[in-house]
Amino acid sequence: MSKGNLTRRGVLKTGAVAGAGLALPTYLSAAGHEGFTNAPTGSTVTLGFNVPQSGPYADEGADELRAYELAVEHLNGEGDGGMLNTFSSKALQGNGILGKKVEYVTGDTQTKSDAARASAKSMIEKDGAIMITGGSSSGVAVAVQALCQEAGVIFMAGLTHSNDTTGKDKKANGFRHFFNSYMSGAALAPVLAANYGTDRKAYHLTADYNWGYTTEEAVRSSTEAMGWETVGTVLTPLTQTDFSSYITPVLQSDADVLVLNHYGGNMVNSLTNAVQFGLRDRQVNGKNFEIVVPLYSRLMAKGAGANVKGIFGSTNWHWSLQDEGSKAFVQSFGTKYGFPPSQAAHTCYVQALLYADAVERAGSFAPCAVVEALEGFEFDGMGNGPTLYRAEDHQCFKDVLVVKGKENPSSEFDLLEIVEVTPVEQVTYEPDHPQFAGGALGSCNNGA
Amino acid sequence: MFGLDKKDGSLLLIVTALVIFAPFLLNPFPEGSALAQFNAGYPDLMQRFVIFGIFAIGFNILFGLTGYLSFGHAAFLGVGSYAAMWMFKLFGMNVLPALALSMIMSALFAVVIGYVSLRRSGIYFSILTLAFAMMSYALAYSVLATDMDGPTQQGLLQKGLTGGETGLQLTLQDPRILGAQTTADGNIPVPTLFGLEMRSATELVLGDWVFTFSAGYYFSAVVMLIAFYLSIRIFRSPFGMVLRSIKSNQQRLTYTGMNPRPYMLAAFVISGMYAGLAGGLMAAMDPLAGPERMFWTASGEVVLMTILGGVGTLIGPVLGAGAIKYMENIISKINSDILHSWFAFLPDGLEDFIVAIIYPFIGKGWHLTLGIIFMLVVIFLPGGLVQGGQKLAALFRRKKQEDTKSATTEPAE
Amino acid sequence: MDAIILQILNGLDKGSAYALIALGLTLIFGTLGVVNFAHGALFMIGAFCAVTLSRLLSLSHEVAIPGQVDFLGNPATRDVPYVYDIFGEAAGAAIIDWSVPLAILLAIPVMIAVGVIMERGLIKHFYKRPHADQILVTFGLAIVLQEIIKYYYGANPIPAPAPQAFVGSFDFGALIGFEPGTIIYPYWRLVYFAFAVVIIGAVFAFLQFTTFGMVVRAGMADRETVGLLGINIDKRFTIMFGLAAAVAGLAGVMYAPITSPNYHMGMDFLVLSFVVVVVGGMGSLPGAVLAGFLLGILESFASMREVLEIVPGLNQIIIYLVAIVILLTRPRGLMGRKGVMED
Amino acid sequence: MGLLEVKDVNKRFGGLQALGNVNLSVAEQTVHAIIGPNGAGKSTLLNCLVGKLIPDTGSVMFDGQSVLGRTPFEINQMGISRVFQTPEIFGDLTVMENMLIPCFAKRDGSFALHGIRSVVSEGELRDQAEQMLEDVNMLDKRNMHSASMSRGDKRRLEMAMCLVQNPKLLLLDEPTAGMARADTNNTIDLLKEIKEKRNITIAIIEHDMHVVFSLAERITVLAQGTPLVEDTPENIKGHPKVKEAYLGEAA
């Protein structure tokens, strides 16, 4: 094996004052002569994959990294091409990006804003990465997105579900393919109403951080619009592992639905605890008590074991989808790694391809050119049906999957079944929707 | 020199030289070579080296001299960062006022936390400081991050005082008194020193080598040198000697007519201000203040840096900080791909075998390597890296100098 | 009223875990004078004993399912555990179902071995070293242990459900004169509480009523004197370390069904259990147990909506707030002895 | 009016009457020994004098001021220095550094923030410390790590640390406990020398009669928390009550 990894330095910015004091002016590189940060000069281009490799989301990060490696293979014309064959845009030739071979560097976000920015900075400053992508939480996505805006590189968000990523904290250099809290609420509410009726009393347990707040708000407002009543909301610390003291008050209330605005380990534990306390066997107000998990992650759901059975939630993508794009992706991912990809892997793979395609169409790596190419871009064949990258907030609009924990899983990957594919019209909102108000895209930044 | 004796003076000179030439020293490998992966001479990491150096130097003033083990020092780092960010948001983008407020705010916090915690000693003191830091973390992460303007408003406190898990960031709407809200091209302004942008950098290309000189790094480096110099002065002062006597025998000190409590509090506040300064610098180099900076692991990190480098020694904490940050930023970035490229010259089977052996220790396994290094250092070098350096030096010199060694590198307690 | 009783039950349950971990920490600290930052990792390894046993029991061979294909279009297979082949399907399923309680049998020897190896191989060289060195070396060990677990089991939580017989809830209220259905509590959590009480009682009885325990208690009070009497205290302390590891491990095994084990659960508990130990008073076994239950109950009350409406965010800080108040009013925690770990 | 006046001091620990109506007067420039069998309350009394314990009732006046309710460092600042039974020194510091701490305390009071000034520049205090070290014949050990010295040297260092402060009253708590005969004699000589040179007041708690009768000018005998007699050494030697309560028991 001889995969090369040439690191190539990038230049953040040339400061006149700092430069003035230095000797040997002839050796000073005329930084930024291409007019943007880390303009690739050789025969290769470097992408930065910034995923959690340690901490609670390390497995999700590992899956993202697998997807990126697959994407790089496909971009460089190796392997079976995956979604390149089904992607509606045919700009990509399988010869790298703009003829340059795709190289990559990796970093560990540790799912901490600080560490994620440090590793993104090192990829930009040391390795000359032209684009940063990845991540498995909204806090990190927002922090890294702001960094990329400042440094003048493109950020293609990984798994981030908070409204804020393309709401209050949106940035011109940042793009999100993943869906968001609002879309989860909008897609779930009709399904919940159809299955559980419109006369329901909901009790929310919400993780006490930004993503939790936006998800609670989204689910509340869309279920209340259907006629549900919210009888209680309690914030739970992120570090909580035993949720019993939050579950027992639910038993005492007259709620007949429990909404768990939790993700990852929190979701696994709160759901396990809720089932343990017999919530699912309860009868309240003459109805069966129900539990809802607005955002499902199949990888994490595995940790909750049998407890997910029959529980509704939403997801960005699932490997059992039968469209051509999904089938092609599952085929090439499964062949390479031996198991089906997660939704995190899917969104990351798609983001890498979308970026490459935008560069190809723009004919330039310059961030502002890429932004222009992605804004308002409509595409298909990437697993979620026809999709729009909206210019106003850099959010993808596509169908949303409402899923349910499967009663009889046939394998350890077969945990969710798709209940409904909510059409994109139903989850689209105005750019100035109150849940997304505040903040501004600003203008794109080419950096140097 | 500067009121230091010859030994301290030459230490300061050496550190100054190392810091000035760090962009060269940390980039020993030419670009494109397999070993370039180990280069650490890029601005962000160099800044982190000196900033965490400041943090550890300050921590050592408390822990190294008095022996009081604070397990909540990261709280002051976080407070410093938030203070600097608010200064950027409300006042102006110049780093000096921001750093001043960082130090003032962290000093205030340190006075309160120190006054309460210093009523206890030993592990009870450690747990009190830990409790305060964890409360600060929880408040910054959640409670102070809730929208204080009301849901429809979009004011300054839209994400609370601290910005929650993401951290406090600059926005395009910050009402800065001095300076513009946005730059000419519609972006958020960056921290400067009287117009010199902290992120600006210039490059020197010498053959295959590329060296980066970053304004932010040199600014932080100057601050670090001042901090280091002051810490030498404190170590060699009557105040420093009293602090050491507290660690040695607090009872004797009280019966000698001194009140240990204000000495402890002064040391606590000084070291809290060092932490606040480091936090402010972090925000100045990278304008974001995240709550994880206050989590107990961050407090634990500075303890580990200090012990790893050598408790109570002047330079040890800086070395420890450098070692841990190097692991975190360099080792964690080596992936299997890079490994394969290193050993590509070997026959395929052997290559895969060697990669398989090394792989668990690098990249996502960097924590494992860190843990092993902690254990090895503490088992074989009780005096930390400084002792390792001394052993090496002694090996080269082949001379015994027991007396001076024992006088300068007493390990903790 | 019933809400409060439920929160007390929650608190006792949470407190059981805290108390068990803190008990082991205090045993190690009290006997060996070692601050063991790897104690959380021992708890985690215990929980993974449950995961490991359930995986061992579920070791399977593949049997093709005629007429079905998997996600890649290859012929689908079904996993049949070997225990089905050995004991028959019904008995085999029952064995797998009971894997968590069965894991106790695995955990006891494993944990004692881990503890003894740790003590003989590493900790014993640190008795005379400063506490800071002990912290650094055990923290390094904790990282190494959890990274090893992460390497083999991944970072995600792994479910380890309780046996079917313990699924569901017990109508606790009916027993004490409340309306049926008002105070119901999951069987497994009651089992956990009872288990913790038994373990704590056994440890105390062991220390109180056996000669071995008497020597250890004397050693905790004054190590040198006991050593002078010609009693090989070191060997006993090694056994004590194994015992403390076993207590932490058993706490972990039984906790697995309550929250799915993951590799960093030890670190999550570590700081909290140190707070518990210190609040209880360094070196005091009853103090550790008392503080464990006290903090568990207070934490439960602080997470009630009625409380949070008055003091938002109290649930985030309650443990630390209580710790500060207790340490300021009682200088050496609830039951601490003078001069222990004060310098 | 003595330098130190103890009046009607009582101290109870639970059910135990540790001190009962203790009256004691230490005259200026005398060596006053307090003797008594084990458990007589000598250490309790000493702790009441230096602020470690507070008597339940009674008064302790030093140089016309009450010491009650003051902390040990305040009492030291008033002019009482204490030597402990087992030498209490700063083991991590060198001998010279050990000497400088009391010099700082004497000059700067209980707290001063001299964080920038160098210890090396403290010429005057260093001279004082060196002079004192010379007086106790330890100048050659000035750069030694104090923890590594012999017990006798530690004792001498501790006394030097107390004396460099020029205290009005030096409290000695069994200064020769556990010492070999030769060392004990050395200590006696040292104390005699100090007494002659400096003319200071010394209160000494001692078990060893040889030391007591070599040094003391006045002796108070404590038994079961109350003073039995107070007199000159000659009279004490023959006192029947003392023989009965103390010397008899010791034999």
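Cβ from N, Cα, C; glycine included.
Unlike curated entries, TrEMBL annotations are predicted automatically.
Annotated transmembrane segment per TrEMBL: B:12-29, B:49-69, B:98-116, B:123-144, B:215-235, B:262-282, B:302-327, B:339-362, B:368-389, in sequence order.
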Inquiry  = Counting only residues 6 or more past its boundaries, what in the same chain has a CB within less than 8 Å of a CB in the transmembrane segment (B:339-362)?
reply    = 34, 331-332, 368-369, 372
Task = Using a Cβ-Cβ cut-off of under 8 Å, list the residues of the same chain that are 6+ residues beyond the ends of the transmembrane segment (B:368-389) and lie near it.
result = 304, 307-311, 313, 315-316, 319-320, 323-324, 327-328, 331, 360-362, 409, 411
Query = Taking the transmembrane segment (B:12-29) as reference, which of B:49-69, B:123-144, B:215-235, B:262-282 has the most Cβ pairs under 8 angstroms?
reply = B:215-235
Query = Relative to the transmembrane segment (B:215-235), which of B:49-69, B:98-116, B:123-144, B:262-282, B:302-327 accounts for the most Cβ pairs at distances under 8 Å?
reply = B:49-69
Key: Distant-in-sequence neighbours of the transmembrane segment (B:302-327), which means Cβ under 8 A and at least six residues beyond its ends   = 8, 11, 15, 40, 45, 48-49, 52-53, 55-57, 59-60, 63-65, 69, 71, 73-74, 228, 231-232, 235, 275, 366, 369-370, 373-374, 377-378, 383-387, 389, 408-412
Request  = State the residues, same chain only, that lie 6 or more residues beyond the ends of the transmembrane segment (B:262-282) and have a CB under 8 A from a CB inside it; answer 'none' if no residue qualifies.
outcome  = 47, 51-52, 54-55, 57-63, 65-66, 68, 70, 73-74, 76-84, 95, 98-99, 101-103, 105-107, 109-111, 113-115, 117-118, 220, 223, 227, 234, 239, 242-243, 246, 289, 293, 302
Sequence-remote partners of the transmembrane segment (B:49-69) [C-beta within less than 8 Å, at least six residues beyond its ends] = 19, 22, 40, 77, 118, 121, 123, 125-126, 217, 220-221, 223-224, 227-228, 231, 234-235, 240, 243-244, 246-247, 263-264, 267-268, 270-275, 277-278, 281-282, 285, 302-303, 305-306, 309, 311-313, 316-318, 320-322, 324-326, 412-413
Key: Chain residues in Cβ proximity to the transmembrane segment (B:98-116) (below 8 Å; excluding those fewer than six residues from its ends, i.e. six or more beyond)   = 72, 75-77, 79-88, 91, 128-129, 132, 136, 191, 223, 264-265, 268-269, 271-273, 275-277, 279-281, 283-284
